[in-house]
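Annotation source TrEMBL lists active site at ASP247. Residues annotated as Zn(2+) 1 binding site in TrEMBL: HIS13, HIS15, LYS99, ASP247. What TrEMBL lists as substrate binding site is HIS15, LEU16, ARG17, ASN41, HIS136, LEU219, HIS251, ALA263. The Zn(2+) 2 binding site annotation in TrEMBL covers LYS99, HIS136, HIS174. The feature domain 'Amidohydrolase-related' is assigned by TrEMBL to 11-303. The N6-carboxylysine annotation in TrEMBL covers LYS99.
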Amino acid sequence: MKTLQIRRPDDWHLHLRDGAVLEGVIGDTSRHFARAIIMPNLVPPVVTTADAAAYRSRIMAALPEGHRFEPLMTLYLTEHTNPDDVEEGKKSGLITAVKLYPAGATTNSHGGVRDLEKAMPVLERMAKIGLPLCVHGEVTTPEVDIFDREAVFIETVLDPLRKRLPELKVTMEHVTTSDGIDYIKSSKANLAGSITTHHLIINRNDILVGGIRPHYYCLPVAKRESHRLALRAAATSGDHRFFLGTDSAPHVDPLKECACGCAGIYTSVNTMSCLAHVFEQDNALDKLEAFASLNGPAWYGLQPNEDKITLEKQDVQVEFPAKRDTGAGVITVFDPGFQIFWNVVD
Ligand SMILES: NC(=O)N[C@@H](CC(=O)O)C(=O)O
Ligand SMILES: [Zn+2]
Ligand SMILES: [Zn+2]
């Protein structure tokens, strides 16, 4: 039997939600991951350091007994965010990053930024104090095709911002295109990218061919196969600028399986097994630790986790639950579309 030991991984982009969903999903992350960057797009969003402190307490209260887990909190950037509050949050150790959602780009982003100019004082302060900006990198301009929104964001928003504020550390989250990969690779400093589990596995055909599959719909939407291959090559290369951010984004089934379904894929349950499968397929099992456990902490200026997890390749298929039942309803677990033999052993 094949086994692989790696340092315990972290998830650098995670949606835990709140209330009954939080209680139902957090154990799926804390079972394998030591830390995660927690997205602030609640309703209402996590805007101030005080909001983040209260949310952190709710997360810790929801943690299953015996699990150790550190939520790394973020603030949702608005046009009214106070630079002093952000600086306080970083100084106190509570805040790891600030998140930019272009208004209307994705789930619960209507309170996001419309005019980046208005957020410049906060961004300048962040550059000064070394606090990273995490970006959902898509323009929301109605004329721009949904498959082009990431590339257009890089050209019209991100690159001008980075030229204006080169000291600002930017994480391009959930990169989905070869344009994004190339842009990150071409930068000399202060730019890195997270890649999700599902974008390494599905392309846009998986969403649309033979019938519409709402549980493969997320934002940024999966692109054509050539982009998926570029993401695979970047993730499995060991390049320190790329790391895991699952973007595990639970929505209860009725909100996905309807005429206007929500974006988001729930991958916390089987991410490490899926990744081991993907990295083995690409003859890169020796790079999995860099992607899931080393590159992320290095980028955020943290130590990698001390303890390790063991992945085991079994002879029989590993069975994952198809659904996660929460007090708020049932959530469908990501189906990679292939049999999985890798299991995380405790
Ligand atoms: N990824 C998604 O499709 N959805 C995320 C938001 C996001 O990360 O854009 C969500 O909060 O549901
Ligand atoms: Zn996003
Ligand atoms: Zn997300």
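Start at 1 and count along the chain as shown; that gives each residue its number.
Yeah, the Cβs are placed from backbone N, Cα and C, and that goes for glycine too.
The structure, with features from TrEMBL marked on it.
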{"residue": "HIS13", "record": "Zn(2+) 1 binding site", "DSSP (3 states)": "strand"}
{"residue": "LYS99", "record": "Zn(2+) 1 binding site", "DSSP (3 states)": "strand"}
{"residue": "HIS136", "record": "substrate binding site", "DSSP (3 states)": "coil"}
{"residue": "HIS174", "record": "Zn(2+) 2 binding site", "DSSP (3 states)": "coil"}
{"residue": "LEU219", "record": "substrate binding site", "DSSP (3 states)": "coil"}
{"residue": "ASP247", "record": "active site", "DSSP (3 states)": "coil"}
For ARG17 (substrate binding site): intrachain residues, at least 6 apart, with Cβ closer than 8 Å: VAL25, LEU42, PRO250
Model confidence over the domain 'Amidohydrolase-related' (11-303) (mean pLDDT, whole number): 98
Beyond the site residues LYS99, HIS136, HIS174: chain residues whose C-beta lies within 8 Å of the centroid, for Zn(2+) 2: HIS13, MET39, LEU100, TYR101, THR106, CYS134, VAL135, GLY137, GLU173, ASP247
Residues near LEU16 (substrate binding site) in space but at least six apart in sequence (CB under 8 A): LEU22, VAL25, ILE26, THR29, ALA36, ILE38, MET39, ILE59, PRO71
Count of other CB atoms lying within 10 Å of the CB belonging to HIS251 (substrate binding site): 26
HIS136 (substrate binding site): nearby recorded positions from HIS13, HIS15, LYS99, HIS174, ASP247, Cα cut-off 10 Å: LYS99, HIS174
Those binding-site residues in HIS15, ASN41, LYS99, HIS136, LEU219 whose CB falls under 6 A of ligand 1, listed in sequence order: HIS15, ASN41, HIS136, LEU219
